[in-house]
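Listed features, source Swiss-Prot:
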| type | residues | note |
| --- | --- | --- |
| DOMAIN | 2-26 | domain '4Fe-4S ferredoxin-type 1' |
| BINDING | 8, 11, 14, 46 | [4Fe-4S] cluster 1 binding site |
| BINDING | 18, 36, 39, 42 | [4Fe-4S] cluster 2 binding site |
| DOMAIN | 27-55 | domain '4Fe-4S ferredoxin-type 2' |
């Protein structure tokens, strides 16, 4: 799964790209690990590289 780091600027680009709607929007964006398919679309879209693979 991917995670959103503190670098997130809450722009919404990632949520728009997620094919399974695993990203919840808010002041802090979060990725639902149960829904995430590891496609990487969100990370590719992030303008500040705030989305990284979980260790």
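Glycine is treated like the rest: Cβ placed from N, Cα and C.
Everything Swiss-Prot records as a feature, shown here on the structure.
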| residue | record | CB count, 10 Å |
| --- | --- | --- |
| 8 | [4Fe-4S] cluster 1 binding site | 16 |
| 11 | [4Fe-4S] cluster 1 binding site | 14 |
| 14 | [4Fe-4S] cluster 1 binding site | 25 |
| 18 | [4Fe-4S] cluster 2 binding site | 19 |
| 36 | [4Fe-4S] cluster 2 binding site | 18 |
| 39 | [4Fe-4S] cluster 2 binding site | 14 |
| 42 | [4Fe-4S] cluster 2 binding site | 23 |
| 46 | [4Fe-4S] cluster 1 binding site | 22 |
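Secondary structure by DSSP for the domain '4Fe-4S ferredoxin-type 2' (27-55): 5 helix, 5 strand, 19 coil. When the Cα of residue 36 ([4Fe-4S] cluster 2 binding site) is compared against those of the binding-site residues 11, 14, 46, the shortest separation belongs to 14. Taking CA atoms as the reference points, residue 39 ([4Fe-4S] cluster 2 binding site) and residue 46 ([4Fe-4S] cluster 1 binding site) are 14 Å apart. The [4Fe-4S] cluster 2 site, placed at the center of the C-beta atoms of 18, 36, 39, 42, has further neighbours from the same chain whose C-beta lies within 8 angstroms: 2, 14, 17, 19, 20, 22, 23, 31, 37, 38, 40, 41, 43. Annotation note: residue 14 ([4Fe-4S] cluster 1 binding site) sits in a helical segment as assigned by DSSP.
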